[in-house]
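Trainee: Relevant sequence annotations retrieved from TrEMBL are reproduced here:
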- 6-256: domain 'Pyruvate carboxyltransferase' (DOMAIN)
- Arg14, Asp15, Ser168, His195, Tyr286: substrate binding site (BINDING)
- Arg14: site 'Transition state stabilizer' (SITE)
- Asp15, His195, His197: Mn(2+) binding site (BINDING)
- His18: active site, proton acceptor (ACT_SITE)
Amino acid sequence: MGKRSFEILDVTLRDGSHAMKHAFTEEQVRETARGLDQAGVTYFEVTHGDGLGGSSLQYGLSAVDELKLIEAAVEECKSSQVSVLLLPGIGVKEDLQEAVKVGAKMVRVATHVTEADVAAQHIALGRELGLKTIGFLMMAHMAPVEKIVEQGKLFESYGAEVVYVTDSAGYLLPHEVKERIAALKNELTCEVGFHGHNNLSMAMANTIAAVQAGATYIDGSLRCLGAGSGNTQTEVMVAVLERLGYNTGIDLYKIMDVANDVVAKYMHRPQEVTGSSLIMGYSGVYSSFLLHTQAAAQKFGVDERDILVELGKMKAVGGQEDLIYDVAQRFALKKSSLV
Ligand SMILES: C[C@H](O)CC(=O)C(=O)O
Ligand SMILES: [Mn+2]
């Protein structure tokens, strides 16, 4: 098949966990893992949507222990390798050691875009454990290009082999992705990656911009299964990038088969750009807040778009899920004082 132009890393079994309310079954994971492996994906990610240790009241309880799911995915693979996500503070170093015992071969250590310094020990541990180790700068729209370069350099100095620009809110436009990726490519010696969300229908355009600016790791999910409107659609990305003349190393029919015959069957709903996810992209809100916001809006009888616009103004970041309920309650009180 020749040398791949870049790695397409599939996040269906991790970012998709948000859309599945963290209720993946072992059988769903096994079937998806088998399909990804047969299609020729080098790496795919499995954990709770908020990474190792994410199962909690704050983020949502997992239906099945993530270590069991990681182990099941590993067992299904002949050549693909399983990655885990780790947000320092949500997951701890012991969680990573346990994931390695069941077969994880890659770790992506994720921090808010201005907080790379909290990842030093976790990145060092990833390298010590012999894992492919990646730094993941979330909410990348919230920092100017120079800040992203500064934070990327920190990740690289701790040992990250790839630094990601992560458009957690699906807010970035192609020219903004291009300038961020190009700046990291210029200033870092390690590889650069891109992870997109489709809240403004820009995920594919942003992915193309990232690749053209030099990204060599790009994320996607099957049928877009992910937080908010989901991610760049893996199987479509394969077709588009092959059309552009790149070698993805992935079999198009096989990746389509796992998307349509496996993932489409268990998705709770199609991944669409809805009123709420559109507002997330427009206001720069963390995509993982979607289902929490819908639940809060329902509980307090308020419009979920108002909550999201307010969270955007407050510049709320991952980990502040409790704010969603505060804001919803505030709107409900305001509404009741008006009647
Ligand atoms: C914990 C988040 O879901 C990580 C991610 O995929 C993003 O920020 O986007
Ligand atoms: Mn994501």
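Note: Cβ is positioned from N, Cα and C throughout, glycine not excepted.
All annotation found in TrEMBL is predicted automatically rather than curated by experts.
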Trainee: Give the number of CB atoms, excluding that of Ser168 (substrate binding site) itself, located within 10 Å of its CB.
Mentor: 32
Trainee: Checking proximity to ligand 2 here: which recorded positions out of Arg14, His18, Tyr286 have their Cβ closer than 6 Å to it?
Mentor: none
Trainee: With respect to ligand 1, which members of the binding-site residues Arg14, Asp15, Ser168 satisfy a Cβ distance under 6 angstroms to one of its atoms?
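Mentor: If the test is a Cβ under 6 Å from any atom of ligand 1, the answer is Asp15, Ser168.
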Trainee: Among Arg14, Asp15, Ser168, His195, Tyr286, the annotated substrate contacts, find the widest CA pair distance and round it to a whole Å.
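Mentor: Output for substrate binders Arg14, Asp15, Ser168, His195, Tyr286: max Cα distance 16 Å.
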Trainee: In DSSP terms, helix, strand or coil for Arg14 (substrate binding site)?
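Mentor: It is coil.
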Trainee: Non-local Cβ contacts of Tyr286 (substrate binding site) (under 8 Å, 6 or more apart, same chain)?
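Mentor: Looking at Cβ-Cβ distances below 8 Å from Tyr286 (substrate binding site), excluding near sequence neighbours, one finds Met138, Met139, Ser168, Ala169, Ala227, Met280, Ala316, Val317, Gly318.
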Trainee: With an 8 Å cut-off on Cβ distance to the Arg14, Asp15, Ser168, His195, Tyr286 Cβ center, who else from the chain surrounds the substrate site?
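Mentor: Close Cβ neighbours, site residues excluded: Val11, His18, Gly49, Met138, Thr166, His197, Gly226, Ala227, Asn231, Ser287, Ser288.
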Trainee: For Tyr286 (substrate binding site), just give me the three-state DSSP call.
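Mentor: The residue in question, Tyr286 (substrate binding site), is coil (DSSP, three-state).
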Trainee: Can you check which residues sit near His195 (substrate binding site), meaning Cβ under 8 Å from its Cβ, same chain, 6 or more apart in sequence, and list them in order?
Mentor: Val11, Phe136, Tyr164, Val165, Thr166, Asp167, Ser168, Ile218, Asp219, Asn231
Trainee: Which entry in the list of recorded positions, Arg14, His18, His197, has its Cβ near the fewest other Cβ atoms, using 10 Å as the limit?
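Mentor: Candidates: the recorded positions Arg14, His18, His197. Fewest Cβ atoms within 10 Å: His18.
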Trainee: According to DSSP, does His195 (substrate binding site) sit in a helix, a strand, or coil?
Mentor: strand
Trainee: Can you tell me the CA-to-CA distance separating His18 (active site, proton acceptor) and His197 (Mn(2+) binding site), as a whole number of Å?
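Mentor: Computed Cα spacing between His18 (active site, proton acceptor) and His197 (Mn(2+) binding site) is 13 Å.
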Trainee: Specify the count of other C-beta atoms within 10 Å of the C-beta of Asp15 (substrate binding site).
Mentor: 28
Trainee: Give the distance between the Cα atoms of Asp15 (substrate binding site) and His197 (Mn(2+) binding site), rounded to the nearest whole Å.
Mentor: 10
